[in-house]
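**Q** So that we are looking at the same thing, I have put the structure below in structure tokens.
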Amino acid sequence: MLKIHKASAGSGKTFTLTKSYIKLLLGEKRQDGSYRLSDGINRHRSILAITFTNKATEEMKARIVGQLALLANPNGKSPYRSDLCAELKCSPSDLSEHACKALNALLIDFGNFNISTIDAFFQMVLRTFAREANLSGNYEVELDETQAVYMGVNAMLSSLNSSDGSKIEASRRRQLMVWLRQYMLQKLDEGNSFNIFVRNSKITGDLVEYIKKSLNETYKLNRATIVGYLEEPERIMRFSAAINRAYERRRKRLADEADATVRLLSDNDVLKGVHKNVSTPFSNWAKGEIDVRKDLTATVKKAAVDPLAYFTKDYKNTPSDLVGAVGQLASYAVEVWDEMRAFQVLRSNIFHMGIIGEVERHTAEVQRENNAILLGDTGTILNTIINQEEAPFIYERLGIRLRNFLIDEFQDTSRIQWLNLSPLVRESLATGNDNLIIGDEKQAIYRFRNSDPSLIIKDVPEEFAQQCEMHGHVISENTNWRSAREIVQFNNTVFISLARQLGLGAIYANVVQNVQHTDVAGYVEFASYSDADESLDRMIEHILRQLEDGYRQRDIAVLCARRSECAEVVARLLRAKAENGDGPLADLQIITDEALVVGNAPSIRQIVGVLRYVDAHVVLSHKKGADTTAAEIINRFEFFRAMGHSGTEAMRMAFSDEGAEADRAALEAAEMECTNVPSIVERVVARCLSPETCRDENLYITAFQDMVIDFCSHGDADLHSFMKWWDEKGCARSLAVPEGVDGIRVMTIHKSKGLEFACVHVPLLSGSLSSPDNMMWVSTHCPDSEKLLPLFCGPEFDKDDVPPMIPLKANTVGKISLFSSQYDEAVYDEVIDRLNQVYVAFTRASRELIVGYQEGASEISDRLEAAFAEMTTEMCASVAEQRSLPDGTLVPLSDKTVRVVEEHDGVEEEREVLKIGSQVFSGDRNDNRGEMLEMPSYYSLDNEEIWSMNRIEDMADMERPRQRGIVLHSVMGYVRHASDIDRAVLRANMRGILPHVEMDEIAAILREALADSRVRRWFEGYRKLLRERTLAIRYEERDRTTGEKTGEEVIRHYRPDRVVWTADGAIEVVDYKFGDEESSRYVRQVRGYMNLLRRAYKGTTVRGYLWYPLSGNIITC
């Protein structure tokens, strides 16, 4: 049996999930469906519990183990004991005995304790079926989809320079150039930057974000169809041409008919008798001025129905044929206007589809080359496997047998995820096993992550209608164990009204909950304010009162819809702390992921400004005519901003002579002998930051240095690479705050889901309920049919050229009435999501809920005010009677709403306030501040002499030529042409191979060596070049004793320094040596390379040379 438990907020879903798991672990199902206590061996191996976050996974494991430990102890007080004894029909002592055995078995075999996230489970399955998915078993999982798409965009742009001569690729490049040209022209028309070939520019970032939004769940579900269409890029061009023809045919006919009608009316002297709002558009159309971006006027639409009504009274007797001509033209305009608008929108956006296809193709190629897959693609890949295999075979490959599935937070499951899980659940039900799905469609707020609440609302209950039990949908099974009476009553009442207003009665049918804590007092306050500052001031007043009443800081949370609002809240809290002196906020701690961004700290902005200057100084100082002014100005600006100056003042000072101090400190860092990035940061901290800054912002400085050290421990560790990473990713990272810190939580509503706080503040409630801004894939076919929409059935279109779906922004789709049904679905989903966000925010509170909103400033606040007015005593009584609700589940909101006069900044203002309950806290009102330990100042040891004492890299200290040769040899590996020497030396310096002070010396040595006319052909005028490229040669292995071939193949690798295809058609292999001349051994080595190349390039002249650049000696091999 599949049990679907619709668990409203605070109704104990974790309790239900834990009890179900323990029941399956300790019990055995009988034929009549009941359970009895049983000693099943390793039964935990056959149960899979799925959560949606790693944190929830660990909490669930800890809860199950903890409750089993309590049950195993006969004296343990477990809330599950009585229920389990009743359902398993056993005594408490027997239950303890079996719980002890199950706990021991689980702990011994903890690796098979199958509680995991859905992604972790899918990864386990996919690695098992890696070969079927054409993946290697050790593939990497890429979490950053933005970076993957960015690499795909770069690969796509680079492909334009490809020399692949195949007709298919050449055709793709031509088509891509056309699409990119259209994209840039569109950006130019919008007044934005347009050169997409400038990497790391805003336009590239915009394209990456657009592609990322386009590769959504809809795309993934229809990927095979869309990719199949894009396999022939010419289809898009033919479809675009058909759109142009269809548009032009309608435009020309409208213009011709308008011209004929205007002439007819003018010739009969009745045009002046036609209403201006009709005659003016007619005249414009006759001149070819047809702008379908604007809506067709209501007057023209009415004239199509009753044209005579739009003749003035002096022309009411106009002949019917002339009146009919007006009506006919207006009717044709009404008929084709939306079609023409649709064609115009489509021809302006159809090229996006080609770009999306190319980026997706190149992204996939990059992933294959790097042996990686995107985490988001796991479900799509897995779906092709699971749909082809039977569940028993899947279990056989996995090495486990899953009989029971417990799925938590099901409303957050995507359709692809369910398509992968449903065959396993179906097989479980077919073998008589029980499964549990827990979710709440009212808390579905992750649609942007492809969650699909329609699964729990309708699809799954219908799919398993004969094997399904519904729970939690009636009030007797829906009790709130979290919140005080007043909060539960308020939420019951307000969401009944909001659901009625928005037509969401079915989704919110189980919103009313019983009140468990009838003896616990609560408080709800809703107040309107003139602006955000006033609302935040009132929030501070409430927080001060709550702290004085005995609440701890960790009891208080501030929830916001957007990260920017979180930053506003944090700024206001910090200002309140500064203003509060020794009051309750003196030891204020703020815990937030959204606002404590490391890169926003003044100290870090100053450090990064200096690093940017150092990076530019190093890169540009070796170029002729280099200008470091921009980097200097940025450094100066951040320096003065960190000192507390305003942005305007800091900019003024940056361009003045006052910037000398900032330049001096930055130059000291730039001229460090050590190029190690952490050391440069330490120098910047010591020389550029004040002791007060090091003390006040120690947390940020320490976090930044940790990020630097972590970056340098992986891959490229030079400053330029770090600055590139910082600009792309690092600047957005937040401080990691440990669990258990006593601080006020500031977070987005999305982050708050599943959490509980005594006091919840929503100070900036705002927003629209029905303005989707996501990407939509609009279907070109009729709903539930394979027929094309009538729009694409004209003579201009070949049905094979019409794409199955077209990507458009939702606000664009809303302008095309022909796609109205698809847009209405998007609006409906948006309304659900926005209302669900409000529901999640309001249900986090257990004791106090404080909400502030700007009166009349948003659709949400308007709807709430309407709910307050609607829910009178009579309405509450009527609703309670209709739904058979117990007394006390609703509260008349209109009776709790009053107009109050309050003083704000010395001005009396009247506002509307709703208050339910009282501000009472029965806990300890004593000073609740814990012991505060002051964090010491950031200490940086700036000992400039330390490098002079430990410079093992100095050329003067290198006693052996081999050490000197290693550096020279490394630099030569970067040189393609003689002009590359400076760049190669700089690169070696940035990678930490070559000290800054020795760069000029090394560059001079190599310039002198490459000036030799005998070596010029190896660096200039060649046809092809391989630098330190590995040659892999396959050999058939021979027996060491007999010398006979064994039949086994081995691969050996060789790495010549330089292989050059010269202008005369020969191949020359060159090995350069910077140590003592040991010609005999090295000559044999070069001759070995020559033999390998002769085998690979039969008939080609191969020459070999041993070159000693320091002495100028060249030995022919």
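Just so you know, glycine gets a Cβ as well, placed from its N, Cα and C.
Keep in mind that what you see is a predicted model, and the values were worked out from it rather than measured.
Feature table excerpt (TrEMBL):
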BINDING   Ala7, Ser8, Ala9, Gly10, Ser11, Gly12, Lys13, Thr14  ATP binding site
DOMAIN    1-484  domain 'UvrD-like helicase ATP-binding'
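Context for these features, please: burial, neighbours, distances.
**A** For the recorded site, Thr14 (ATP binding site), the DSSP three-state label reads helix.
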**Q** Within 8 Å of the centroid of the Cβ atoms of Ala7, Ser8, Ala9, Gly10, Ser11, Gly12, Lys13, Thr14, which other residues of that chain place their own Cβ, given that this set defines the recorded ATP site?
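**A** These residues sit around the ATP site: Thr16, Asp440, Asn480, Trp481, Arg482.
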**Q** Please determine which of the binding-site residues listed here (Ala7, Gly12, Lys13, Thr14) has the lowest count of neighbouring CB atoms within 10 Å.
**A** Thr14
**Q** Counting only residues 6+ apart in the same chain, whose Cβ is under 8 Å from the Cβ of Ala9 (ATP binding site)?
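**A** Expected: Asp440, Lys442, Gln443, Asn480, Arg482, Tyr839, Val840, Thr843, Arg844.
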**Q** Please state whether DSSP places Ala9 (ATP binding site) in a helix, a strand or coil.
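**A** Looking at the DSSP assignment, Ala9 (ATP binding site) belongs to neither helix nor strand, so coil.
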**Q** Which Cβ among the binding-site residues (Ser8, Ser11) has the fewest C-beta neighbours inside 10 Å?
**A** Ser11
**Q** Applying a 10 Å Cβ distance cut-off over all chains shown, what neighbour count does Gly10 (ATP binding site) have?
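**A** Step by step: centre on the Cβ of Gly10 (ATP binding site), count other Cβ atoms within 10 Å, giving 22.
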**Q** Determine the mean pLDDT over the domain 'UvrD-like helicase ATP-binding' (1-484), rounding to the nearest whole number.
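**A** PLDDT averaged over the stretch: 89.
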